[in-house]
Amino acid sequence: MEILCEDNISLSSIPNSLMQLGDGPRLYHNDFNSRDANTSEASNWTIDAENRTNLSCEGYLPPTCLSILHLQEKNWSALLTTVVIILTIAGNILVIMAVSLEKKLQNATNYFLMSLAIADMLLGFLVMPVSMLTILYGYRWPLPSKLCAIWIYLDVLFSTASIMHLCAISLDRYVAIQNPIHHSRFNSRTKAFLKIIAVWTISVGISMPIPVFGLQDDSKVFKEGSCLLADDNFVLIGSFVAFFIPLTIMVITYFLTIKSLQKEATLCVSDLSTRAKLASFSFLPQSSLSSEKLFQRSIHREPGSYAGRRTMQSISNEQKACKVLGIVFFLFVVMWCPFFITNIMAVICKESCNENVIGALLNVFVWIGYLSSAVNPLVYTLFNKTYRSAFSRYIQCQYKENRKPLQLILVNTIPALAYKSSQLQVGQKKNSQEDAEQTVDDCSMVTLGKQQSEENCTDNIETVNEKVSCV
């Protein structure tokens, strides 16, 4: 059936999904120019019975017809953005649950990652759905004008908080590598939460001018009906303060951390090789009178000793953690750099650049940046066994780890065995001390007998005494 985009047209065969557009684009408007309606170059539409629109437009296309032409494209955009929103919210909720419930994950770095997950989750709840709504309305602001400044404020706040968290993680790990004793002494849970509060305070301070000035002057947050930052000075300064400066600090400290870990690994290997050369030593144990032989015992310390393994293991764990964080840093930089670079280009080459092209690039790049909030939980799942196990249990609604029977047996029996072994060691120590005291008494008695025999034997009688060794 053919449908003409005119005022007096009968639209009986249009699907309900096209008729119920609400306040969005309609098939016709009252202000449609009559001369355009009377023109012979009308646009023909063919709609089949399966609610699938076959568009065959001929001649002049009024704006209302163009809006329907782009309807299918908007549906695909809405579908993709919905997938990103669901992944962002669900994945970051799993991260928050894992750090809150798993004791293995409760350390300073994972507290930062949990706070980062909170920022990403709020971005998915409060910012992304509104951004998807603007796409469906042709990047026009469909909500009350006062909410525009609030929405931009939340967008800048959570995006800035993400980069600030990554910068703080990089700095914290660098300090931990450089001063491990000082860091371990003062790196309590309270200190970690104070650092997180400082990160959020900085993020709020950077983004606060947006609602302060945007609510007073709509021209700073509106441009041609679209909700976006229109103040070039704030765009330029905010991009450097909220992204490029923290990015520089994060990259420098990360590479310094990698360099320090490599240096420590080299020193540890050389130290182990030095210990291997001085691997043997001997000592003389105590002996009783019944056994006067001297025993020698040699203990050989190999490079794989417990102390060496512990040092190498700690360095290996740090390297693995830096690898995972490096992937998170890299993905964040790759996904947000195009947006901020294009944002600065829009200010610098405002006259020479094509505004339509710049605007289209910004609309695409901002969603690529949003995608970074969804990929972090995937990175944790791929590269961290504890996160992977926790996520798998949470999806199955199992919030506590189920221990196997063998683990329960070991948990119940090992403390008793340890107690018995400690009691045995204490008994052995007491017995050895009693033997040593008895040995000393025997030695003193022998010495006293020797002295008395020497006093009584004044004649030319030679007395042969046994040599007694008490070591």
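Positions of Cβ are set from backbone N, Cα and C atoms, glycine also.
Feature annotations, reproduced from Swiss-Prot:
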- Asp155, Asn343: serotonin binding site (BINDING)
- Cys148-Cys227: disulfide bond (DISULFID)
- Cys349-Cys353: disulfide bond (DISULFID)
- Asn8: N-linked glycosylation site (CARBOHYD)
- Asn38: N-linked glycosylation site (CARBOHYD)
- Asn44: N-linked glycosylation site (CARBOHYD)
- Asn51: N-linked glycosylation site (CARBOHYD)
- Asn54: N-linked glycosylation site (CARBOHYD)
- Ser280: phosphoserine (MOD_RES)
- 376-380: motif 'NPxxY motif' (MOTIF)
- 1-80: topological domain 'Extracellular' (TOPO_DOM)
- 98-111: topological domain 'Cytoplasmic' (TOPO_DOM)
- 138-146: topological domain 'Extracellular' (TOPO_DOM)
- 172-191: topological domain 'Cytoplasmic' (TOPO_DOM)
- 216-232: topological domain 'Extracellular' (TOPO_DOM)
- 259-322: topological domain 'Cytoplasmic' (TOPO_DOM)
- 349-356: topological domain 'Extracellular' (TOPO_DOM)
- 383-471: topological domain 'Cytoplasmic' (TOPO_DOM)
- 81-97: transmembrane segment (TRANSMEM)
- 112-137: transmembrane segment (TRANSMEM)
- 147-171: transmembrane segment (TRANSMEM)
- 192-215: transmembrane segment (TRANSMEM)
- 233-258: transmembrane segment (TRANSMEM)
- 323-348: transmembrane segment (TRANSMEM)
- 357-382: transmembrane segment (TRANSMEM)
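Here the features listed in Swiss-Prot are placed on the structure.
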| residue | record | contacts (Cβ under 8 Å, 6+ apart) |
| --- | --- | --- |
| Cys148 | disulfide bond | Trp141, Gly214, Asp218, Val221, Phe222, Cys227 |
| Asp155 | serotonin binding site | Leu123, Val127, Ser131 |
| Asn343 | serotonin binding site | Val235, Ser239, Leu362 |
| Cys349 | disulfide bond | none |
| Cys353 | disulfide bond | Met345, Ala346 |
Could you find out if DSSP has Cys227 (disulfide bond) as helix, strand or coil? strand
Looking only at the motif 'NPxxY motif' (376-380), what are its DSSP counts of helix, strand and coil residues? 5 helix, 0 strand, 0 coil
What are the helix, strand and coil residue counts for the topological domain 'Extracellular' (349-356) according to DSSP? 2 helix, 0 strand, 6 coil
Determine which recorded stretch among 192-215, 233-258, 323-348 has the most C-beta pairs below 8 angstroms with the transmembrane segment (357-382). 323-348
Same-chain residues at least 6 beyond the ends of the transmembrane segment (192-215) whose Cβ lies under 8 Å from its Cβ atoms: 108, 111-112, 115, 146, 148-150, 152-153, 156-157, 160-161, 164-165, 168, 172, 221, 229, 231, 234, 238, 241-242
All chains considered, the count of other Cβ atoms within 10 Å of the Cβ of Cys227 (disulfide bond) is 25
Taking the topological domain 'Cytoplasmic' (259-322) alone, what is its mean pLDDT? 57
Long-range neighbours of the topological domain 'Extracellular' (349-356), counting only residues six or more past its ends (CB under 8 A): 232
Cβ-Cβ under 8 Å with the topological domain 'Cytoplasmic' (98-111): same-chain residues at least 6 beyond its ends: 117, 169, 172-173, 187, 189, 191-193, 195-196, 321, 325, 386-387, 390-391, 394, 399-400
Please list the DSSP helix, strand and coil residue counts for the topological domain 'Extracellular' (138-146). 1 helix, 0 strand, 8 coil
Helix-strand-coil residue split for the topological domain 'Cytoplasmic' (98-111), DSSP-based: 11 helix, 0 strand, 3 coil
